[in-house]
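Remarks on the structure that follows.
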Amino acid sequence: MTNIHNHKILILDFGSQYTQLIARRVREIGVYCELWAWDVTEQQIREFAPTGIILSGGPESTTEENSPRAPEYVFNAGVPVLGVCYGMQTMAMQLGGLTETSDHREFGYASVSLENSTALFANLNDNSTASEPKLDVWMSHGDKVTRLPENFKVTGTTLTCPIAAMSDENRRFYGVQFHPEVTHTKKGLELLTNFVVNICGCETKWTAENIIEDAVARIKEQVGNDEVILGLSGGVDSSVVALLLHRAIGKNLHCVFVDNGLLRLHEGDQVMEMFGDKFGLNITRVDAESRFLGELAGVSDPEAKRKIIGKVFVDVFDDESKKLTNVKWLAQGTIYPDVIESAASKTGKAHVIKSHHNVGGLPDYMKLGLVEPLRELFKDEVRKIGLALGLPAEMINRHPFPGPGLGVRVLGEVKKEYCDLLRRADAIFIEELRNSGWYEKTSQAFSVFLPVKSVGVMGDGRKYDWVISLRAVETIDFMTAHWAHLPYDLLGKVSNRIINEVNGISRVVYDISGKPPATIEWE
């Protein structure tokens, strides 16, 4: 079996908003990497045995006395090191150079003139003139290196930053003041490939097929002939976990699909057809709609609704698990960002992936071992694996759907009548987005039920019915978002269909709020 962890890159996080992006780019190249806090110990680095190390950017200033520093062992480990932005500055400082606060903070596009050939920039040039190589890059820094460490040379300059890149070719130490991990740096991926593959010598074995083979082998080794239970929602993460486990242990996997009455139109039937009929999984459908809606009756506060939905799910799932007396393991769809976020919430920083991560919320008396086949993977990697396992692209690339489902898309109190109306309206909206080619152009689109009535006219009579709001946004990272400028004729068609086909809706509006100040979801 291919050893996909044999060659690996260690990324030390100094707090940049782009650090996870570095990890995703390295994985995209085909090499495994992990993201750790900057203050790891020498022992931890030795045990991990990285093939190369990347020092990330960060918001601190190396001119401050107590600013973060890389462990000294990083520069004595005998492996290549790449410093990015703050990572370059701390490398320079720690190896005997100098940094200063810059008179001109650089933020945005810049052109770096390349000089003194270096392996890091091999075959890279954004300039049409081969004799004057330049790179179009993205800068974001307030400090700059003003004196090189011994044995370093300048490999890149800008008009305001005389040392925009540096290298010590003998020790294979490299620094860039810009961010190669962002797409604004045109040759960023090629630069990282030069470092990871050509300089560090990593083999590109981190592929979907190899990851699947490795995950299946590890599941078999972990659970043996034991039985495993999984809460299958039909979302990407739990679906991929289900197929990996099914491939590894077959009928020893017990999937529980809790139909809470808060799903999209026909979604429950689609989940059963996909995983029960098509893939042949051992799956139980629990109709818990009345139980969820009963607990939600009279509750209008969004946070209270979320907590109720979470608690009822745990209770229902626990009731089902008690019927399976031989189950020894609980499978979860924990992914790598969950691990990083969980560690950061406890310690204030990302930490080693191997430290145990348990998503809270399940009762203490469920004394089951934890199986988390996706805990090393980013979301985009999970999607690639899903496609390789045979999940349809339409499902893999579906827009995000909140955990509480329609419970937070029906504003205020949740009632069956409201959910039924919203389901049908939302299905029309999504259908028309797909038909017009706009579904793929938007990052997230959905309908919201407003618990207010509005007067309308139908035929010769007046009607006094409910209001639906349509929401569609475009975003890269879901941290900020712009409302999608859908064509008027498309919005008109959706509105007409909803009002004519969904009895009980008299008015349709379109949400043109960005994030910030609004959030993407209404609740």
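Placed from the backbone N, Cα and C atoms, the Cβ positions cover glycine too.
As written in Swiss-Prot, here are the features:
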- Cys85: active site, nucleophile (ACT_SITE)
- His179: active site (ACT_SITE)
- Glu181: active site (ACT_SITE)
- Ser233, Gly234, Gly235, Val236, Asp237, Ser238, Ser239: ATP binding site (BINDING)
- 8-205: domain 'Glutamine amidotransferase type-1' (DOMAIN)
- 206-398: domain 'GMPS ATP-PPase' (DOMAIN)
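Looking only at the domain 'Glutamine amidotransferase type-1' (8-205), the predicted model's pLDDT averages out at 94. Put simply, Cys85 is the one of the recorded positions Cys85, Gly235, Val236 whose Cα lies nearest to the Cα of Glu181 (active site). Within 8 Å of the centroid of the Cβ atoms of Ser233, Gly234, Gly235, Val236, Asp237, Ser238, Ser239, where the record puts ATP, the same chain has further Cβ atoms from Leu232, Val240, Val241, Ala242, Gly333.
Within 10 Å of the C-beta of the residue listed as 'active site, nucleophile' we count 26 further C-beta atoms, all protein chains included. Counted over every protein chain shown, other Cβ atoms within 10 Å are most numerous around Glu181 among the recorded positions His179, Glu181, Ser233, Gly235. Around the Cβ of Asp237 (ATP binding site), the number of neighbouring Cβ atoms within 10 Å comes to 19. Geometry remark: Val236 (ATP binding site) versus His179 (active site), CA distance 31 Å.
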